[in-house]
Amino acid sequence: MAAPLTLLLIVAVTIRAVLFRSSLAELIPERVEVVSPLNAWKRVVEGLALLDLGVSPYAGDVFHETPLIIYFFHFVIDYAEIVFMMADALTAVALYLAVKDYNKTVFRKQKYALEAERYPLDCLELIRTPKEMYYIPLKVAMFYLLNPFTILSCVAKSTCGLNNAVIALFILCTVKGSSLMSAIFLALATYQSIYPLTLFAPALLYLLQRLYIPVNWQRSSFWLFTTQYTFMYLGSLCVMVCLSFFLLSSWDFLSSVYGFILSVPDLTPNIGLFWYFFAEMFEHFRLFFICVFQINVFFYTIPLSIKLKEHPIFLIFMQIAIISIFKSYPTVGDIALYMAFLPAWNHLYRFLRNIFLVSVVLLACSALFPVLWHLWIYAGSANSNFYYAITLLFNVAQILLVSDYFYAYLRREHHLTHGLYLKRKDGSEATLVLK
C-alpha cells in the first residue's frame, strides 16, 4: 500500500502546486466559502506585519489566530505554500494510518465474536471481510487529498488545513493508544479553536476500551485513568496558553481569539448559520441567542457519548461533523475533514436512506454558492436572502447526511445483535424504527 499512497501524495501535491502558480491563486483566497475572518491568510500576513513593527497583532480587529500560529509563520513565511501542502499530506497520512489500525482492531473484535458465535446466523452477510477493508485507508486518504474542498482550502492558504492536521494527529495517537500524545494534540486543537473540546469524551472512551477498563463510576481504575488523561489534557492546554502569554507579554489574545469565536462580532457571510441570523437580530436578544447557538455545538456530546460509548471512533466522526456544521465560522476545509471518513463506513451503504438526494443537494449547493454570491455582490440582482437560503439548504443536507449515517450505524449494530430479518410475534416481517 506504500506505493499507491506515495503516488496519491505526488498527484495531490502536483495539483496544488499547479494551482498555486495559476491565476486562481489570487481568486480563491477571496471566496467566503473557503476562508473566514479566523483563518484567512491575508489576516495572518497583516498580523505578521504588525508583529514586525513591534505592535501587538491583536491591537486592532484584524488578526484572530493564536499566538503560536503567528510565531510559527514568522519563521516559515517564505515557505508558506510548502507548509500548507505538507499539512494536507500529513493529515492524509495520519488518517491513513489511523484507519488502517482501527480496521485491524475491528476485524480482531469481529473474529472473536464469530468464534464465540455471538452473531445470529442470518446476519453473516453483514460481516466485513479483509478484502473489502484492505483499500479503505487508501480511500480515506484519497477522499481527503483529492476533495475539491481540501484543495481550495490549501490554495487559499487557510489555516484550517493546519487545524485539520492537528486533529488527524490526535486521532492517530488515540487509535494507537498513546494517551500522552493524544492529550497533547487534543489540547493543541482546543487551543486553536475551542470546539475540539467535544472530542475529549470519545478519546477517553476509546483509550479506556483499549486498556480494558469498563466505564463504571464505582471502579477506581476508571477514575484513576480519567483523572490522568484529564490532567495531561488540561496541563498541556495550560502550557500552551502560558507560552502564548510569554511570547506576547499580554493576555490580549484571549479576547481576540476565543472571545471572537464565542461572541461572533464579525458577520462576514460564510457557509455557517450565524452570520445572517445575528445580522437581523435585535441587540437586546443577541446574548441569549449567542449562548443558544454556541451551546448547540457542545450539547450533543453527552447523549452521543452515552449512545455510542462502545463505538468511540464513530463518535469522533459524529463530533467532527457537528463541529463543522454548527461552529461560528465554518469553511469548506472543515467539511473536508469529516467527509474523508465516509469510506471507512462503506459497510453502512445498504442502510442509508437519503444518500442520493443528499449528494445531489450538496453538489448543487456547492455550485450555486459562487453564482448567488455574484448575483448579490456584483450584479445586484439578488440579495442576502438568496445566499443564506442556499447556505441553509447546504447545512440541512449535511445534517441529513450525518443523521443518515448515525441511523445506518445503529441499525447495523441492532441487526448484528437481533438478526437481519426481524419477525413479529405472529411471524410477520417487522420494520425497524429509530426513535
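From the backbone N, Cα and C atoms, a Cβ is placed for every residue, glycine too.
Through the fold, the signal peptide (1-25) approaches residues 81, 84-85, 88-89, 92-93, 96, 100, 137-138, 141-142, 145-146, 151, 154-155 of its own chain, all at least 6 residues removed from its boundaries and within a Cβ separation under 8 Å. The annotation signal peptide is assigned in TrEMBL to 1-25.
Residues or ranges marked as transmembrane segment by TrEMBL: 68-99 (among others).
The annotation transmembrane segment is assigned in TrEMBL to 194-213 (among others). Below 8 angstroms of C-beta separation, residues 167, 170, 174-175, 177, 179, 182, 186, 219, 221-222, 225-226, 229, 233, 258, 261-262, 297-298, 300-302, 305, 308-310, 312-313, 315-316, 319-320, 322-323, 327 of the same chain, each at least six residues beyond the ends of the transmembrane segment (194-213), sit close to that stretch.
Annotation source TrEMBL lists transmembrane segment at 233-251 (among others).
Residues annotated as transmembrane segment in TrEMBL: 257-278 (among others).
Counting same-chain residues at least six beyond the ends of the transmembrane segment (285-306), those with a Cβ under 8 angstroms from any Cβ of the stretch are 195, 197-198, 201-202, 205, 262-264, 273-274, 277-278, 315, 318-319, 322-323, 326-328. Marked as transmembrane segment by TrEMBL: 285-306 (among others).
Beyond the ends of the transmembrane segment (351-373), by six or more residues, the same chain brings 31-33, 148, 269, 271, 382, 386-387, 390, 393-394, 396-398, 400-401, 404-405, 407-408, 411-412 to within a C-beta distance below 8 angstroms of the stretch. The annotation transmembrane segment is assigned in TrEMBL to 351-373 (among others).
Here TrEMBL flags 385-407 (among others) as transmembrane segment.
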